[in-house]
Amino acid sequence: MGPVVTAATVRAGSCTRPLPCQHTVLSPSSRGAPGPAWDQDPQSPAAQRQGCLGRGCVRGMRGPACTESAASPAPGPVPAGPVTCPEERDPRTGMGSAGHLPPAFTSGNSGMGISTVSAARIYKGQLEGGPGEDSRLAMETFPYVALAKTYNVDRQVPDSAGTGTAYLCGVKANAKTLGVSAAAVYGKCNTTWGNEVHSILHRAKQSGKSVGIVTTTRVQHASPGASYAHVVNREWYSDADLPKEAIRQGCKDIAYQLVHNTDINVILGGGRMYMTPRKTPDPEYPTDPKQSGTRKDGLDLVERWLSAKEGARYVWNKEGLDAVDENSTDYLLGLFEPKDMKYELNRDASTDPSIVEMTEKAIRILRRNPRGFFLFVEDELIDHGHHSSRAKQALSEAVMLDRAVARAAELTSASETLTVVTADHSHVFSFGGSTPRGNSIFG
């Protein structure tokens, strides 16, 4: 089970009606049976009529916008009762009478289960010179916490592709598939058509928001990929990874869809090699052929992305990122490694940006849009550390993710921003024993 910590506020209006969407603070992946219309599609007219602007009353949602009778910090059924609602919104756009769309910040972190959060809390406190147990993560300051059941339609233990599709698109899916319903069959290209499902990022863009992705893995990876791609195999990173049959049937790789699907304003992470033609030398590792481009179709997707947009910048190192003027940049593509980015403990701070720095740059660009923004931030390396049984790497990533959450809170308004911190699944990580207070979390 993965923790879900949420934070939000919305502007109060003058109407009074029940708040039926309170319990949808839980991730879509936690729900097995179909629910009301807004439970399946928060952008549907039914959802908009009910005032479901987000999944629950969360950070900062106090006073007239969320009365005690309609919201309880404890999980469970929502008590009936009236609540003063947000302003009326156009069901087609989600915009209120002021033409304003509240910003949204979502952090999905693979493998960050309860034990990881607990250990990260202690580790953070010990890094600050204390015993650790009484420390507090930024995400733990949010007033509402929930648990989510995670599983795929076809698997008891889920993967990040199916869960990413669940919590970003609101539809449970099969393992290893992205942006498609469970009617799509893993590896079968021709089952893609007609089974595509769209993410909250896609819907935010359609509503006029600026949108972005920040990840410590390759930007074509499972979790970020679920926000823009529709593919029946999460490992179809470039066209070189597609079987011949899939190419003949017209399926496109994830990198291609990153550039050609949803118009994303900010993309920051790894994954350079999937964007350029075969044997294209990597700018950071030009003498290492293993880091070169992989595309067989000859496309330079970076150049294609740049040529299609005004006010666009491409960077591949920290120096380039730092030089980006967020006041004049409308589109930013930053690819800082050929594949995944490095663990925080192994990161060269002079060449590679941290998740905190990437998050800050993204928010500074996206928040210029008066209609609001949606930003997805992920630290996938928490999961990678656990997969490799590297506890220190995993917990260091969790601490860095929490710092990114804290920085995001400083850069946004708690009265207008919905912030959700979640894990798409937990991991086989535990700690225990009769250790004294202040003992190193690593033993």
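Just so you know, glycine gets a Cβ as well, placed from its N, Cα and C.
Just so you know, TrEMBL annotations never went through curation; they're auto-generated.
Look at TrEMBL and you will find 17-50 (among others) tagged as region 'Disordered'.
Look at TrEMBL and you will find 63-109 (among others) tagged as region 'Disordered'.
Sequence-distant neighbours of Ser160 (active site, phosphoserine intermediate) (same chain, 6+ residues apart, CB-CB distance under 8 A): Ser110, His221, Ala222, Ser223, Arg234, Glu380, Asp383, Asp424, His425. Per TrEMBL, active site, phosphoserine intermediate is recorded for Ser160.
TrEMBL lists His221, Ser223, Glu378 with the feature Mg(2+) binding site. In the three-state DSSP scheme, Glu378 (Mg(2+) binding site) falls into the strand class.
Following the DSSP three-state reduction, the secondary structure of Asp383 (Zn(2+) binding site) is helix. The feature Zn(2+) binding site is assigned by TrEMBL to Asp383, His387, Asp424, His425.
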Other CB atoms, at most 10 A from the CB of Asp383 (Zn(2+) binding site):
26
CB contacts for Glu378 (Mg(2+) binding site) [other CB atoms within 10 A, all chains]
29
Looking only at His221, His387, His425, the binding-site residues on record, which one has the least crowded Cβ, with the fewest other Cβ atoms within 10 Å?
His387
